[in-house]
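Report on the following structure.
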Amino acid sequence: MTIEMLYSKIHRATVTDANLNYVGSITIDEELMEEANLLVGQKVDIVNINNGERFSTYVIKGKRGNRDICLNGAAARKVHPGDKIIIIAYANMTPEEAKNFKPAVLIVDDNNDIIEKTTYLQEG
């Protein structure tokens, strides 16, 4: 049996653009992707802090250093530039794996610069 657990998240990212005419996904700065252990095509949940919307999409790589967080396609209707969002990835693991797993958690500022990288400590 496996359970779905938090794998990584980028907390309070600022939406820099919303592109309705793109085929879909979320564009994330390459450096933020690496620090959060996210891969191109990986499924993520998006939680919009401003309006409460919650939806799923997949990751595409943005230009390193631009700090872009852009929602594309239909997801662009659920955000506005300047909105604060949480980007969450999950992974399936056994309960034993979950006891020792430490997800990557990035806290970013208003410019999407990393101000803290941490993990959620788990007992076990």
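Placed from the backbone N, Cα and C atoms, the Cβ positions cover glycine too.
Noted in Swiss-Prot for the protein shown:
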{"type": "ACT_SITE", "residues": "S25", "note": "active site, schiff-base intermediate with substrate"}
{"type": "ACT_SITE", "residues": "Y58", "note": "active site, proton donor"}
{"type": "BINDING", "residues": "T57, G73, A74, A75", "note": "substrate binding site"}
{"type": "MOD_RES", "residues": "S25", "note": "pyruvic acid (Ser)"}
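Each of the binding-site residues A74, A75 was scored by the number of other CB atoms within 10 A of its CB, and the lowest score belongs to A74. Considering only the recorded positions S25, G73, A74, the residues lying within 10 A of Y58 (active site, proton donor) on a C-alpha to C-alpha basis are S25. The two recorded residues, A74 (substrate binding site) and the residue listed as 'active site, schiff-base intermediate with substrate', have Cα atoms 9 Å apart. Distance from the CA of S25 (active site, schiff-base intermediate with substrate) to the CA of A75 (substrate binding site) is 7 Å. Largest Cα-Cα distance over the residues recorded as binding substrate, namely T57, G73, A74, A75, equals 10 Å.
According to DSSP, G73 (substrate binding site) is assigned to a helical segment. Annotation for T57 (substrate binding site): spatial neighbours G24, S25, I26, K43, V44, I46, L71, G73, A75, criterion Cβ-Cβ under 8 Å with sequence separation of six or more.
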